[in-house]
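Heads up, the thing below is written out as structure tokens.
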Amino acid sequence: MKVQRGALRAALGLALLPLLRPASAVEPFSLGLAIAGAASALTGYFSYPRLYCYFRECCLQRPDPRAVAALQENLEGKLFGQHLVKKVVVKAVKGFLNNSNSKKPLALSLHGWTGTGKNFVSKIVAESIYKSGLQSKYVHQFVATLHFPHAHSIDLYKDQLQSWIRGNVSICPRSLFIFDEMDKMHAGLIDSIKPFLDYYEFLDGVSYRQAIFIFLSNAGAEKITEVALDFWRNGKTREDIQLTDIQNALSVSVFNNKNSGFWHSTLIDRNLIDYFVPFLPLEYRHVKMCVRVEIKSRGYAVDEDILTRVANEMTYFPKEERIYSDKGCKTVDAKLDYYYDF
């Protein structure tokens, strides 16, 4: 930016130079040429793509190493108890952004109980690619109960969804689409976007190969917990769990779940979902980590007594072992409000 700032100062200096001389020494014609020349220099300067995108948001056409670095840093520092998520999401997004010849869009399906970090991760992915994150005009978020509430309007929703995706990818190939509450989405609706996730080079002149699709769902959480409990009861740590221990069983569970928007979905049947990402249920120690971070984010010194009280107020399951928080870290923020007078 030093070179760019120098050029900007030079251009502005050229524009202001005649104005700093005595008025009698400047002829109107000369002043016009000077201002025109400065305007030309500034126009050329601001039309330079990288500078333009410094001041205004642009569609990310090229891989940016800062995107992956920001993604990895935020996941490492702010996401707790999810070693599989950190590994899979970073590798998947990094590989996709660095691949100049991808054969299909990236499709990630995030599964787990409420409060385990699914929305948080999708937010971090958005922020790592676009500075405005979820507010970016290139990031599009759909919530099943809000955007697709009526079962009798499925055909209309399908047409609208296809038009929205087609239009936005036409404007920005690196568009990000996030579908929340997939477990509440009407079966068959999500299949309408199947052509956009498939291995087509172009569809009606549009390529979707640089787009990213992220699906969020509670479906499959029981299967994930079952695997986690088996490891715990066999004396293994959660960090011993590998993606191969869960992924296939998870995809089958979601595919056969009638309460899932992926029920008998062609996206699964045709293997168009690149990764089923399991979010493990959070333990007591992870809840305490969440509380600690939230207290610090509010600008307070950490009070260990309040921290412990908040963590203890959460409910845990199974009933006998009480290992996992049934709401993850979802209600931590609200519980802290009780202890701090704003």
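Indices start at 1 and increase along the chain as displayed.
Placement of Cβ uses the backbone N, Cα and C atoms for every residue, glycine included.
TrEMBL labels come from automatic prediction, so no person has curated them.
Quick look at what TrEMBL lists:
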- 1-25: signal peptide (SIGNAL)
- G112, W113, T114, G115, T116, G117, K118, N119: ATP binding site (BINDING)
- 282-339: domain 'Torsin-1A C-terminal' (DOMAIN)
Margin query: From the DSSP assignment alone, can you count helix, strand and coil residues within the domain 'Torsin-1A C-terminal' (282-339)?
Written below: 32 helix, 5 strand, 21 coil
Next item on the list: Looking only at the domain 'Torsin-1A C-terminal' (282-339), report the model's average pLDDT.
Entry: 94
Item checked: Long-range Cβ environment of T116 (ATP binding site), under 8 Å and at least 6 residues apart -> G81, Q82, F279, L280, P281, L282, G328, C329
Check: For K118 (ATP binding site), which residues in the same chain are close in space, meaning a Cβ under 8 Å from its Cβ, but six or more apart along the sequence?
Finding: L110, H111, G112, L216, S217, F279
Notebook entry, point to check: Which entry in the list of binding-site residues, G112, G115, G117, has its Cβ near the fewest other Cβ atoms, using 10 Å as the limit?
Noted result: G115
